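Engineer: Got a structure here, written out as structure tokens. Questions coming.
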Amino acid sequence: MRIEPDVGGQAVATLLDGKATKDAIFAELEPRVSALAEQDVVPGLATVLVGDDPASQNYVRSKHRDCAAVGVRSISRELPGDVSQAELEAVIDELNADPACSGYIVQLPLPGHIDTGAVLARIDPAKDADGLAPSSLGRLVLGEPGPLPCTPRGIIELLRRYDIPLAGAHVAVVGRGITVGRALGLLLTRKSENATVTLCHTGTRDVAAETRRADIVVAAAGVPHLITPDHVKSGAAVLDVGVSRVDGVLTGDVAPGVADVAAHLSPNPGGVGPMTRAMLLTNVVEAAERARGQVLAGRGA
Ligand SMILES: Nc1nc(=O)c2c([nH]1)NC[C@@H]1CN(c3ccc(C(=O)N[C@@H](CCC(=O)O)C(=O)O)cc3)C=[N+]21
């Protein structure tokens, strides 16, 4: 699929279609879920949602829709915005102990009075569907196997499925948040990806100079239309991850004219968001497969 040019005659980027790719990944998960079902295992994803932010409620709803589409059981825990640390941690303990829950996520951000780090540290690493628990991030730094953060994993999977090479490529990541930028830098510099990464942030002197040298630009700063055409080398791949609300309209980090300069563009919406959800479901199915394998190993099977 191609994005329509706004001016005639200019090169227009090929769309990196996260929605279609998510559907393909879901279709690949279905036989794995069926194989587990034959062994009487139904993977279960739980979501923990605190407060009544409409955007968070929306995300969580779509995760439950995804579960239904793939055959994963979904478990929902909704807590009031004034929940105490102890009450929230009790829910975490419950999910850690619940055999029906293969993996779960605690929807972020949590209210300011909650110690988010303490909550994430309490997640059983075997059930960390987000890959955001400190032990999972530690494993990523150490190069040990473990659940990977969904958005960075989704970005790499999207590039892979469109045959955009990473080995030797120069990737400029804009944004150092834990869920996207920081973790993506760690994934991309593994031997298996072998990319060279420039991690830009608010302290970067000249972001445009860094991104212009890059084969791939990942915009995850949360600054509306930060990346303009003059930030992008002709023929680069650009992925729009940031999302902000401007006058009620969801606005990405990538300005519209970039489609005339880039060779590939992952839009927002329709790009990395659906890939994040695809990787969440993948992490849950993998967690259920691992748990099943351990049961079999424990029996000497
Ligand atoms: N513990 C935790 N894990 C998360 O993964 C997490 C989180 N907290 N907090 C909030 C962010 C945001 N996030 C999105 C996921 C999918 C879309 C998505 O699929 N968006 C669609 C459009 C919206 C829709 O159709 O629902 C798209 O981009 O096409 C968006 C945003 C996950 N997050």
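Think of each number as a place in line: the chain as shown, counted from 1.
From the backbone N, Cα and C atoms, a Cβ is placed for every residue, glycine too.
Residues or ranges marked as NADP(+) binding site in TrEMBL: G175, R176, G177, V243. Under the heading domain 'Tetrahydrofolate dehydrogenase/cyclohydrolase catalytic', TrEMBL lists 16-130. Positions annotated as domain 'Tetrahydrofolate dehydrogenase/cyclohydrolase NAD(P)-binding' by TrEMBL: 149-291.
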Engineer: Using DSSP and collapsing to three states, where does R176 (NADP(+) binding site) fall: helix, strand or coil?
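Structural biologist: In the DSSP reduction, R176 (NADP(+) binding site) maps to coil.
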Engineer: Tell me which residues of the chain lie with their Cβ under 8 angstroms from that of V243 (NADP(+) binding site), as long as they are six or more apart in sequence?
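Structural biologist: Counting only residues 6 or more apart in sequence, the Cβ neighbours of V243 (NADP(+) binding site) under 8 Å are G222, L250, T251, G252, D253, N268, P269, G273.
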Engineer: Per DSSP, what is the residue count of the domain 'Tetrahydrofolate dehydrogenase/cyclohydrolase catalytic' (16-130) in each of helix, strand and coil?
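Structural biologist: Computed counts for the domain 'Tetrahydrofolate dehydrogenase/cyclohydrolase catalytic' (16-130) are 61 helix, 19 strand, 35 coil.
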Engineer: Near G175 (NADP(+) binding site), which residues of its own chain have a C-beta under 8 A away, given they sit six or more steps off in sequence?
Structural biologist: G181, C200, H201, V218, A219, A220, A221, G222, V241, G242
Engineer: In which DSSP state, out of helix, strand and coil, do we find V243 (NADP(+) binding site)?
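Structural biologist: It is in a strand.
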Engineer: Return the count of C-beta atoms lying within 10 angstroms of the C-beta of R176 (NADP(+) binding site), excluding that atom itself.
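Structural biologist: There are 19 such Cβ atoms around R176 (NADP(+) binding site).
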Engineer: Where the record says G175, R176, G177, V243 bind NADP(+), what is the longest distance in Å from one Cα to another among those residues?
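Structural biologist: That value is 15 Å for the farthest Cα pair.
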Engineer: With DSSP, how much of the domain 'Tetrahydrofolate dehydrogenase/cyclohydrolase NAD(P)-binding' (149-291) is helix, how much strand and how much coil, in residues?
Structural biologist: 57 helix, 31 strand, 55 coil
